[in-house]
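Enquirer: Submitted below is the structure of interest, expressed as structure tokens.
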Amino acid sequence: MIPAEQIATDLLTIGAVTLAPNHPFLWASGMQAPIYTDNRRTIAFPQVRTHIADGLASLIKHRYPTATVISGVATAGITHAALVADRLNLPMSYVRAKPKDHGKGKQIEGQMTASDQVVLIDDLISTGGSVLAAAKAVRKAGATVLGVVAIFSYELPDSVVNFQQAGLALTPLTTYSTLITVAQQQAKITAPEMASLRQWREDPWGWVSV
């Protein structure tokens with residue numbers, strides 16, 4: 001298993017994650033956040049891509065040994081799902097945000113049957129909305145969702161509630177808490193910035209930048 005600290009280091013090193021508690025980012029949700037994540041960058045770095053694929057494959061092999069299909073959440077989860085499915089020698093599928101408006105109107109691409117045991121892969125978990133919508137589509141197709149794995153989770157309170165309500169477990173390779181700890185150890189953030197970053201995770205909507 002690839003250590004969570006290694007994945008966090010990888011994300012920081014390649015600029016997939018940017019920490020800026022003094023100059024917060026505006027998310028699409030309207031939330032002000034001291035962090036911005038673009039895990040799509042990971043596919044451009046072979047060593048990082050390998051760490052992620054190996055880590056996810058190992059996680060699934062040990063946590064979900066009965067998995068019969070690896071399914072990526074479109075679009076960012078597709079590449080990682082393909083790499084993991086190849087390592088585990090399992091079928092792969094992917095789930096769109098909504099059914100196509102032409103052709104056969106498919107939402108799920110690849111082969112999936114009602115007897116399948118599916119593990120969903122996404123690159124990033126904020127509230128969990130995208131991957132939980134994908135899980136709903138898989139369940140509607142008759143298959144069983146064993147759980148969700150991801151590269152990185154913000155550990156936001158809303159995501160904890162949402163996954164509990166959906167009856168699904170989330171297992172990320174690394175987390176916000178681990179990443180900011182690694183960033184402080186590497187002198188990428190100061191002690192006051194660390195305190196601000198912790199406050200944001202506890203109360204993201206009420207957080208004020210330093």
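Cβ coordinates are placed from backbone N, Cα and C, and glycine is handled just like the others.
I grabbed these lines from Swiss-Prot:
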type	residues	note
BINDING	Arg96, Lys100, His102, Asp122, Asp123, Leu124, Ile125, Ser126, Thr127, Gly128, Gly129, Ser130	5-phospho-alpha-D-ribose 1-diphosphate binding site
BINDING	Ser126	orotate binding site
Enquirer: Return the count of C-beta atoms lying within 10 angstroms of the C-beta of Ile125 (5-phospho-alpha-D-ribose 1-diphosphate binding site), excluding that atom itself.
Expert: 26
Enquirer: Should Ile125 (5-phospho-alpha-D-ribose 1-diphosphate binding site) be counted as helix, strand, or coil on the basis of DSSP?
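Expert: DSSP assigns Ile125 (5-phospho-alpha-D-ribose 1-diphosphate binding site) to strand.
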Enquirer: Any same-chain residues 6+ apart from Arg96 (5-phospho-alpha-D-ribose 1-diphosphate binding site) with CB under 8 Å of its CB? Would you list them in sequence order, or say none?
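Expert: In sequence order, the residues whose Cβ lies under 8 Å from that of Arg96 (5-phospho-alpha-D-ribose 1-diphosphate binding site) (at least 6 apart) are Ala74, Lys106, Gln107, Ile108, Glu109.
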Enquirer: Under 8 Å between C-beta atoms and at least six apart in sequence, can you list the same-chain neighbours of Gly129 (5-phospho-alpha-D-ribose 1-diphosphate binding site), or say none if there are none?
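Expert: Correct list: Asn162.
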Enquirer: Measuring Cα to Cα, how many angstrom lie between the residue listed as 'orotate binding site' and His102 (5-phospho-alpha-D-ribose 1-diphosphate binding site)?
Expert: 30
Enquirer: Under DSSP, is Arg96 (5-phospho-alpha-D-ribose 1-diphosphate binding site) part of a helix or a strand, or is it coil?
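Expert: For Arg96 (5-phospho-alpha-D-ribose 1-diphosphate binding site) - judged by DSSP and reduced to three states - the answer is coil.
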